[in-house]
Amino acid sequence: MVDYKVTIWTEDAQPSFLLHSVYITLFGTEGESECMILRQWIHTFSKGNKSTSTVSCFKDIGEITSIKLGKSKLSLTQWLPGMVEVESPTGKVYKFPVYHWIASDNVDTFREGKAVLDKDESSETGELRKKEIQEEQRVYCWDVYKDRMPRCVKADSFLSLPQDDRSTLSSVLMTFSSDGKALLLELLAFVTSETNWKSFDDIEPMYKRHVTPASEYVFQHWKEDSFFAYQFLNGINPMVIKRIEALPENFLVADKVFQNDPVDLNTEMEKGNIFLCDYKILDKVTTNTIDGKKQYLAAPLVLLHQIEDRMMPIAIQLKQNPGQDNPVFLPSDSENDWLLAKLYVRSADFNLHELNYHLLRTHLLAEVFAVALKRNLPRVHPVYKLLVRHTRHTLQINFLARHILISEEGVFNKFAASGGEGLPHLIGKFLSNLTYKSLCIPDDIEDRGLKDVKNFYYKEDGLNLWNIMHSFVTKILGYYYTDDGVVQKDDELQNWIKEIFEHGFLKKEETGIPQKFTTVSELVKFVTMVMFTCSAQHAAVNSGQYDFYGWMPNGPSTMQEPPPTKKGEVTKARIMGALPDARTTAFNMGTVWALSTPPSDAKFLPDFKEEYFTEDGPCEEIQTFKSQLQDLSNNITKRNKTIELPYTYLDPACVEWSVDI
């Protein structure tokens, strides 16, 4: 007899302990073992446990190539093995990264953990790849949620989502229920009607029920022009600001700014000191109706002046078409005029951020990347191994979002101007204007002319993270794609990008999204973009939502009155009447609190407990990657001690693997 030592690490189980046997079959180049029951003591295959058994064969079965795992039939129980190791009589260890839920009476095949491309495998193992892909394409099917929106995974109910894409007992759903819903109910109990706020002081007791250090800083400084401008760089939406060399023709401000200052606008533009935030994409949007009342959303233009190391706003126009009913507001105007103009800008920024830069460019695209990955790349593919952790629970959170947040009866429609019937149209409009370059932070920063802007922490930390990721991806993929020809001949890879182009970007060539890969460098850049989008970019536009929107006047989700058409007529009563009412404020606060709260089982960038790569070279690169992430985290922590409002959102220690909240 020939004995093989089998060690199994159990990642999870539902319930957390399992009272049954596990079956295993070993397959080698010279034969296979009999299917063996690994009879163990109670709880051996429970969450977090390690089990060691012996599988005996009548002869040496050669190099171990794959294993089959199953569990005894016991309804409503599931088992999540992690790493499985098989040690041969010669002491050679074969590793099998499983990390796949196994249901009762199911048998699943897993190949040895070496990352391989299709061209590297024999016809027999090639057939295994095809069967795996066919099975995954049966499980992961495309569906249409709304026309003009990226496609999503087909799921008739939450429980119909693949178990690999659901957290245990739906921790995200529990988070929403325990944190966001509890806060929402508390806030709704605090306000019993849809009454308008009478003063900012009236809002404060609601806000004070839940405060973070950053949200308190926002509360203290939100009226200041310097902080208003600062948020375009380091707030929750650093994606709109750009440097300009000439004013848009519809922004008639040249003779209005710097009235009492010798500084000339044209000269400042030539020096590169003038910046624009243009919300023209929101123009003529069909806005929501909340509690029977029509809501309003401006499409402003905001002019900013860089003065040494900081930005200051110098002009605001609230509508795109210039005219007598569309004045240009200036800091020199009355306090009420200027404040109300800034409030309309903050409301426009809220809506553009939530639907475009947050929902579309992270959540919806991450789902496309995930579904296409699992439909087209087998588990042994190196790109799958690189990206699978960045798909964690994304299908789950997006399913919940479609049913709880953006559905016809969803929460978003209860508090946001861009909710309601105009939402799908707006998403389609955003998608039509999206470009590949805008998803790649180095290209995006350069195209917006922001490379030399100081104290721009999103840029600094984001570029550092991108560069670390790009280097990591370059080295990992370099082990497998030795030249451009290998990329071109990888049909599985080509099918992956083809489905992303077709189902994510709806075949829009103007986006610049690749339709195929022809070079290694193209592949590396795209994989880096996916990794960055699903982790860092989502963190940048998600994690600080309550920090910046918890104090409602800093991010009104809607405005109840149209923008002012004249100067000198704005009163404090008009400002309060334009802001969201108390009930809408409660919905907003409860939602952004939930969306800012990491799930209880969150995993962050430096965590590589799940070992998908088994070869020495890639494993060494992972250690280098972790070390570089730690160095960046240390530098960010040190930097943050020197600034008033620490920018933590792109600290690798705070960046989750994936879009899972």
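Glycine is treated like the rest: Cβ placed from N, Cα and C.
Features as listed in TrEMBL:
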- His358, His363, His538, Ile661: Fe cation binding site (BINDING)
- 2-116: domain 'PLAT' (DOMAIN)
- 115-661: domain 'Lipoxygenase' (DOMAIN)
- Trp101: site 'Essential for stabilizing binding to COTL1' (SITE)
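Listed in sequence order, His358, Thr362, His363, Ala366, Glu656, Ser658, Val659 are the same-chain residues at least 6 apart in sequence whose CB falls under 8 Å from the CB of His538 (Fe cation binding site). Those residues of the chain, other than His358, His363, His538, Ile661, with a C-beta within 8 angstroms of the mean position of the Fe cation site C-beta atoms are Leu359, Thr362, Ala366, Ile397, Val541, Asn542, Leu595, Val659. Rounded to a whole number, the C-alpha distance linking Ile661 (Fe cation binding site) with Trp101 (site 'Essential for stabilizing binding to COTL1') is 21 angstrom. Under a cutoff of 8 A between CB atoms, and with a sequence separation of 6+ in the same chain, the neighbours of Trp101 (site 'Essential for stabilizing binding to COTL1') are Gln78, Trp79, Leu80, Gln163, Asp164. The domain 'PLAT' (2-116): residue composition by secondary structure is 0 helix, 63 strand, 52 coil, according to DSSP.
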